[in-house]
Amino acid sequence: MATDAAEKANILAEALPYIREFAGKTIVIKYGGNAMTDDALKEGFAKDVVLLKLVGMNPVVVHGGGPQINDLLARVGKQGEFIQGMRVTDAETMEVVEMVLGGLVNKEIVSLINKHGGKAVGLTGKDGHFIRARKLFLKTDGDEDVDIGQVGEIEAIDPALVSLLDSQDFIPVVAPIGVGVDGEAYNINADLVAGKLAETLRAEKLVLMTNTPGVLDKQGQLLTGLTAQRIDELFADGTISGGMLPKISSALDAARNGVNSVHVIDGRVKHALLLEILTAAGVGTMIRA
């Protein structure tokens with residue numbers, strides 16, 4: 001018992017330099033994957049976020065919800081379709097996306113954080129029009145436009161609402177839904193929202209939680225550190241593809257635009273968030289410009 005207590009005290013003491021370094025800093029966290037579907041991991045994530053807030057950091061959560069969207073689409077007889085890692089979103093699918101992301105998933109995360117002593121507030125980009133978007137067209141190899149429905153790209157993010165919540169000790173929980181000039185809702189990739197929000201808020205860190213140990217090479221080995229040049233090479237040779245494309249593109253843009261460090265971590269590891277931010281070892285892949 002005494003040994004266990006001493007070990008816990010040592011862990012807290014080792015975290016002190018990181019707590020001091022990041023006090024008052026903004027940490028944007030993209031929350032997704034298995035960490036959102038496993039009950040123990042969900043509880044652990046909520047506790048981690050509350051702890052970061054209590055020790056003086058400003059965590060901002062941006063969440064996905066792909067599996068939950070797929071489940072509801074299946075229940076209404078629709079099958080999800082993806083092109084270049086982006087969900088094709090017709091009007092009916094957009095209704096499901098708003099119900100799942102802005103309602104079910106967002107409110108569950110808010111409730112879990114509040115259950116563990118935080119003060120979380122759920123938002124979509126339609127609140128205060130703080131995520132302004134326009135219709136996204138993908139490009140074919142022949143440079144032709146591909147219409148994927150109500151999928152948006154970010155025009156601008158107004159940081160005032162999130163900054164206000166941070167300053168009043170609330171924890172913003174953001175669903176990746178943007179709004180056009182005509183009030184049209186747009187489904188936006190959550191990794192892109194997290195990256196652009198981190199840039200706009202001048203965040204110290206952007207943490208992207210995934211279902212892999214981090215960025216892997218073609219042999220399945222973890223790449224613990226990546227530069228912009230190396231990422232360009234991995235794009236070119238196809239090592240980074242599919243759903244990882246928007247994730248790593250967002251990470252690289254954030255690193256190039258003022259976010260001090262970006263981390264792609266394994267959300268299947270309990271307390272991965274604390275391991276990354278409050279220990280020397282860290283986990284996953286660190287990306288710098």
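Any Cβ shown, glycine's included, is placed from N, Cα and C.
According to Swiss-Prot, the feature site 'Transition state stabilizer' maps to LYS30, LYS247, an assignment based on sequence analysis. The substrate binding site feature in Swiss-Prot is assigned to GLY65, GLY66, ARG87, ASN187.
Between the CA atoms of ARG87 (substrate binding site) and LYS30 (site 'Transition state stabilizer') there is a gap of 18 Å.
Taking CA atoms as the reference points, ASN187 (substrate binding site) and LYS247 (site 'Transition state stabilizer') are 15 Å apart. Looking only at the recorded positions LYS30, GLY65, GLY66, the one with its C-alpha closest to LYS247 (site 'Transition state stabilizer') is LYS30. Cβ neighbour density within 10 Å is lowest for ARG87 among the recorded positions LYS30, ARG87, LYS247. Each residue contributes its Cα atom, and for GLY66 (substrate binding site) and LYS30 (site 'Transition state stabilizer') those atoms are 13 Å apart.
In this view, GLY66 (substrate binding site) is surrounded by 19 other Cβ atoms within 10 Å of its Cβ, with every protein chain counted. Every protein chain considered, the tally of other Cβ atoms within 10 Å of the Cβ of GLY65 (substrate binding site) stands at 25. Every protein chain shown contributes to the tally, and the Cβ of ASN187 (substrate binding site) ends up with 26 other Cβ atoms within 10 Å. Same-chain residues that are not part of GLY65, GLY66, ARG87, ASN187 yet have a Cβ within 8 Å of the Cβ center of the substrate site turn out to be GLY64, ILE69, THR89, VAL97, VAL100, LEU101, PRO176, ASN189, ALA190. In the three-state DSSP scheme, LYS247 (site 'Transition state stabilizer') is classed as helix.
According to its DSSP assignment, GLY65 (substrate binding site) is coil. For the binding site of substrate, formed by GLY65, GLY66, ARG87, ASN187 according to the record, the largest Cα to Cα distance is 12 Å, rounded to a whole number.
Under DSSP, ASN187 (substrate binding site) is assigned to a strand (E or B) in the three-state scheme. A distance of 11 Å separates the Cα atom of GLY65 (substrate binding site) from that of LYS30 (site 'Transition state stabilizer').
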